[in-house]
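Sequence annotations record features per position, and here Swiss-Prot assigns active site, pros-phosphohistidine intermediate to His116. For Lys10, Phe58, Arg86, Thr92, Arg103, Asn113, the entry in Swiss-Prot reads ATP binding site. Annotated phosphothreonine per Swiss-Prot: Thr92, in sequence order, evidence recorded as sequence analysis. Per Swiss-Prot, phosphoserine is recorded for Ser123, and the stated evidence type is sequence analysis.
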Amino acid sequence: MAERTFIMVKPDGVQRNLIGEIVARFEKKGFQLVGAKLMQVSRELAEQHYAEHKERPFFGELVDFITSGPVFAMVWEGENVIAAARQMMGKTNPQEAAPGTIRGDFGLTVGKNVIHGSDSPQSAKREISLFFKEEELVSYSKQINAWLY
């Protein structure tokens, strides 16, 4: 059964014109885009999104960075999309991320690593509901799915 994940191109990725490259990588893997929007993250939304890091020393920097410019928020659907997206993104630290991964190819530092993706079904559900209303997500079938699954 297909699952959904939340993927966000962070402000550094938007500024560096990487949205199209990132969308293309997910499409080429056969995943289906069901929601997307360019948006400015409010401080309140950023604090909710990063709530699990609230007590960490870098929390303020996370919030400041994610609110520093527009992000491109997306919901992708497909078989094992959460695990596959994590693999496609690469390690959080771009210096440790393998070449061919999004962070390995485009990330600069841990703080400017281009992309965020949900790390579990629970976080995917939470993050999707933070950034999207249900009516903003579009379910549809593609003929190519028969060739992929």
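Every residue gets a Cβ built from N, Cα and C, even glycine.
Structural mapping of features recorded in Swiss-Prot.
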{"residue": "Lys10", "record": "ATP binding site", "DSSP class": "coil"}
{"residue": "Phe58", "record": "ATP binding site", "DSSP class": "coil"}
{"residue": "Arg86", "record": "ATP binding site", "DSSP class": "helix"}
{"residue": "Thr92", "record": "ATP binding site", "DSSP class": "coil"}
{"residue": "Arg103", "record": "ATP binding site", "DSSP class": "helix"}
{"residue": "Asn113", "record": "ATP binding site", "DSSP class": "coil"}
{"residue": "Ser123", "record": "phosphoserine", "DSSP class": "helix"}
| request: Rounded to the nearest Å, what's the C-alpha distance separating Phe58 (ATP binding site) and His116 (active site, pros-phosphohistidine intermediate)? Just drop the number here, would you? | output: 16
| remark: For Asn113 (ATP binding site), the same-chain residues 6+ apart in sequence with C-beta under 8 angstroms from its C-beta are Lys10, Asp12, Thr92, Asn93, Pro94, Arg103, Gly107
| task | Do me a favour and check the Cα-Cα span between His116 (active site, pros-phosphohistidine intermediate) and Ser123 (phosphoserine); whole Å is fine. | result | 12
| field | Residue with minimal Cβ packing [other Cβ atoms within 10 Å] among the recorded positions Arg86, Arg103, His116 | value | Arg86
| note | Arg86 (ATP binding site) sits from the residue listed as 'phosphoserine' (Cα to Cα, rounded, in Å) at a distance of 13
| query | Looking only at Thr92, Ser123, the recorded positions on record, which one has the least crowded Cβ, with the fewest other Cβ atoms within 10 Å? | reply | Thr92
| query | Of all the Cα pairs drawn from Lys10, Phe58, Arg86, Thr92, Arg103, Asn113, the residues the record ties to ATP, which distance is largest, in Å? | reply | 22
